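*Asks:* Below are the structure tokens for one structure; questions will follow.
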Amino acid sequence: MRVVILGSGVVGVASAYYLARAGHEVTVIDREAGPALETSFANAGQISPGYAAPWAAPGVPLKAVKWMFEKHAPLAIRLDGTRFQLQWMWQMLRNCTPERYAVNKSRMVRLAEYSRDCLQALRADTGIQYEGRTGGTLQLFRTQQQLDGAAKDIAVLREANVPFELLSPAELKNAEPALAAVSHKLTGGLRLPGDETGDCQLFTTRLAALAESLGVKFRYNTPIDGLAIAGGKIAGVQCGSETVRADAYVVALGSYSTNFVANLMKIPVYPLKGYSITAPIVDEAAAPVSTVLDETYKIAITRFDQRIRVGGMAEIVGFDKTLRAARRETLEMCVNDLFPGGGDTSKATFWTGLRPMTPDGTPIVGRTPVSNLFLNTGHGTLGWTMSCGSGQLLADLISGKKPAIQADDLSVHRYLKEVAGQTRPAYA
């Protein structure tokens, strides 16, 4: 079967790899000059199935009000003038109940755990290297309230049989030796030994090369103007004056997926702006050995070979990609507070990207009401974590195979309802 994939981020490239491995003739189209040059370029570098959780959580609405008055707040909101933003925030608010949080987190963990299994198999099969480490992740708590609040996440981890360790301040140094100097600032930590880290952009670039070796064609620097429709199906992709035709089409355009399919269906994928800095290591003993997540500032600090990546925060501001100096200041403050002297933040590169987020946190993977159109988008801050599993799942669906995990609650159909024979958004 001929399959066209729109988007060459980590999710699009993973989809291409698994589809090619299943025997399909795959073409990837992207406007950029190469793979992983937008959202996948400089993310936090974590592969964290155990920390797969929705931003829509109990207590977040009240926290959001408090964060409005804090200098280093992890969340910021600025109205972009669209009705869609207001609808999306309202639906996110509705998902902040304990019941919905539990459902959303459980299915996110399901996909993320499966994706890690797929990644491990990929690594065993191909030997792909991407500055990866398998030292686990460590969530750091600065207050007793944060530590107590982790109970709901631990319950989900237990139910999903995800290994974890609850560490006291004195035990943190066993996972991250450099934290011994700052343990007095912390009340404890939640460590997930099965999580991994690495450079997502490097991973995506090398996975694209593996996909090419399987026959995948990559068409970069190519405009993607729209979908040609005939007889209720997709008849091709309009790329300038050319129409690229296939048997099946996959939209993996991240935050841009919503507008791209708007004439066919409404999907609630909104850009969640994040930031990162990447600093050279200057003192090995003072640097992290794996990755930590600062629960207070929602910032991840990740070790690469000779670099430290610091990433996080969320701004609900539309498609604005302005680099804000105040956000860099927050990232530098966080890493220098926990790992003082480990990296030279004065020489750090500064980046921003738009994560494609759904209001319930779960990505949209699978079939759509259009028989030959598939979606693989909405992974939020967990694009790399979920990429291999999402790609394999999509390849199974397109190939007519039963996926290895439950997939019906991952598709766009959870957001759509039929009204008078037409598809309408259930969230409107």
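Cβ from N, Cα, C; glycine included.
Annotations for this protein, taken from Swiss-Prot, read as follows:
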{"type": "BINDING", "residues": "3-17", "note": "FAD binding site"}
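Where in this structure would I find these features, and how exposed are they?
*Replies:* Secondary structure from DSSP puts V11 (FAD binding site) in a helix.
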*Asks:* Taking the Cβ of G7 (FAD binding site) as centre, how many other Cβ atoms lie within 10 Å?
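*Replies:* Neighbour count, Cβ to Cβ under the 10 Å cut-off: 30.
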*Asks:* Cβ distance under 8 Å to V3 (FAD binding site), same chain, sequence separation 6 or more: which residues?
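*Replies:* Result: L19, H24, E25, V26, T27, A246, D247, A248, Y249, V250, I398.
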*Asks:* Out of G9, V11, V13, S15, Y17, which of the binding-site residues has the smallest number of neighbouring Cβ atoms within 10 Å?
*Replies:* Y17
